[in-house]
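Now, the feature entries from TrEMBL:
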DOMAIN    7-456  domain 'Major facilitator superfamily (MFS) profile'
TRANSMEM  7-29  transmembrane segment
TRANSMEM  107-126  transmembrane segment
TRANSMEM  138-155  transmembrane segment
TRANSMEM  167-185  transmembrane segment
TRANSMEM  197-216  transmembrane segment
TRANSMEM  237-260  transmembrane segment
TRANSMEM  280-302  transmembrane segment
TRANSMEM  309-329  transmembrane segment
TRANSMEM  335-360  transmembrane segment
TRANSMEM  372-395  transmembrane segment
TRANSMEM  401-421  transmembrane segment
Amino acid sequence: RRQRRLLLMVVCVALLLDNMLYMVIVPIIPDYIATMRGGGGTAGPSAPAGGNGSGGGNRSLLPARYPPASGGNEDVQIGVLFASKAMLQLLVNPLSGTLIDRVGYETPLLAGLAVMFLSTATFAFAENYATLFAARSLQGLGSAFADTAGIALIADRYAEEPARSRALGTALACISFGSLAAPPFGGVLYEFAGKRVPFLVLACVCLLDGLLLFVLAPPGGTGARANMPVGTPIHRLMIDPYIAVVAGALATCNIPLAFLEPTIANWMKDSMGASEWEVGLTWLPAFFPHVLGVYVTVRLAAAYPHLQWFYGALGMAIIGASSCLVPACRNFGQVIIPLCGICFGIALVDTALLPTLAFLVDVRHVSVYGSVYAIADISYCVAYALGPIVAGQIVHTMGFAQLNLGMGLANVLYAPVLLFLKNVCQMKPSHSERNILLEEGPKGLYDTIKMEERKG
């Protein structure tokens, strides 16, 4: 039990680091806008994702190596950088899920942390846009292994409810904290200590997390994995209608967050004259309703586990209503309210549906979780790969209000689809080899031998 808690801590730190690294580059982006414009170090007005736009005296570290942008849509250009991680992660996830099912969870998690450490160190010493882009893509490779293996490891070690929902809820809270706290963290350190310090701090924490995992689960320790069954192939999981419904909900509910991150800063400056500190703190208050949503869903799931589908549908309805309210806001205080609603709704959906994926694998397939959580990661990556690129183009051609209304409508229309999951809790486990041996007991010589092997 103690080792299980330590492994949960390792996974939570890995997810925290991944999301902090995803967002901590926000304060650096305005410098690259200036260099592409030929401005030589004055930050432009296009800081995405809630960035605080602070750079201070460290902007001289980023030499201008690009000609001024001529007639291009700046939001789309910056969006390519933000989307590069998710795009590579999207391509690698099918392979990483299959590999995790074959070799276990700990070794891919350790490999993912090693790649994330390399990516973070590359961020620290990047001096041009191309190196930053390479580091961003490398982070996607590490995340494809670390995120998927980490969530699958939690589902495997916490096989019973409500412990599984609590553990996954803790991981989701760490993801939220990393995403929302990273821009202020990066902005302050970048302002007062230099552009390398935020990345070096994250690299040190990543190294320590990897060393702890190495001590807890050395790569050579494969005894526990040797007797595990072969997981269901990812392509078979993808065509399972129940898993497909959950994956669609995870992608749809994250679209507002993914599409607003690169566009809301410019909209706030243009429509309400928001200052830099207001733009920088836009998303930070939303951390608290997100944690509240995780806590509420975990408690409700423990008391009423048959209503998981309803918690997800309610979350999507809240996300849809909140998205439609964003364009109506006229000041900084007002815009915080719908953003808190979006994050609260996402917490409901994620906390309700991530354990549902593990349950569906338990009762309909084989209880190995690498591929099914690779599908969940693919759902997230679809939103975050399209968001930075597509959102800027939609705002450029149709307008910010139309973008939010479309995202809100998509969530409201998808919420009734979760009714399809209403009877999931009544499903009985399939008669796979693992279930026969572990639940029904041995019935013959072959089963008795297999049972003894598993006990060994």
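Positions of Cβ are set from backbone N, Cα and C atoms, glycine also.
Automatic, uncurated: that is what TrEMBL annotation is.
Just so it is clear, the model here is predicted, and its values are computed rather than measured.
With a threshold of 8 Å between CB atoms, the same-chain residues lying at least 6 positions outside the transmembrane segment (167-185) that come near it are 8, 11-13, 15-24, 26-27, 49-52, 150-151, 154-155, 157-158, 198, 280-281, 283-284, 286-287, 290-291, 294-295, 297-298, 343, 347, 350-351, 354-355.
With pairs at least 6 apart in sequence, the transmembrane segment (197-216) and the transmembrane segment (7-29) have 3 or more Cβ pairs within the 8 Å limit; the two touch. Computed over the domain 'Major facilitator superfamily (MFS) profile' (7-456), the whole-number mean pLDDT of the model equals 78. For the transmembrane segment (237-260), the partner stretch with the highest count of Cβ pairs under 8 angstroms, out of 197-216, 280-302, 309-329, is 309-329. Residues 7-8, 10-11, 14-15, 18, 21-22, 84-89, 92-93, 95-97, 99-100, 105-106, 108-109, 111-116, 118-120, 122, 164, 167-168, 171, 354-355, 357-358, 369-370, 372-374, 376-377 of the same chain lie 6 or more positions beyond the ends of the transmembrane segment (138-155) yet place their CB under 8 Å from a CB of it.
Proximity of distant same-chain residues to the transmembrane segment (401-421), defined by a Cβ-Cβ separation under 8 Å and at least 6 residues beyond the stretch ends, is recorded for 241-242, 245-246, 248-249, 252-253, 255-256, 259-260, 263, 308-310, 312-314, 316-317, 319-324, 326-327, 345, 356, 391, 394-395.
Beyond its flanks by at least six residues, the transmembrane segment (280-302) meets 49-54, 161-162, 165-166, 169, 172-173, 176-177, 179-181, 183-184, 187, 261, 264-265, 268, 308, 311, 315, 332, 335-336, 339-348, 350-352, 355 of its own chain at Cβ-Cβ distances under 8 Å.
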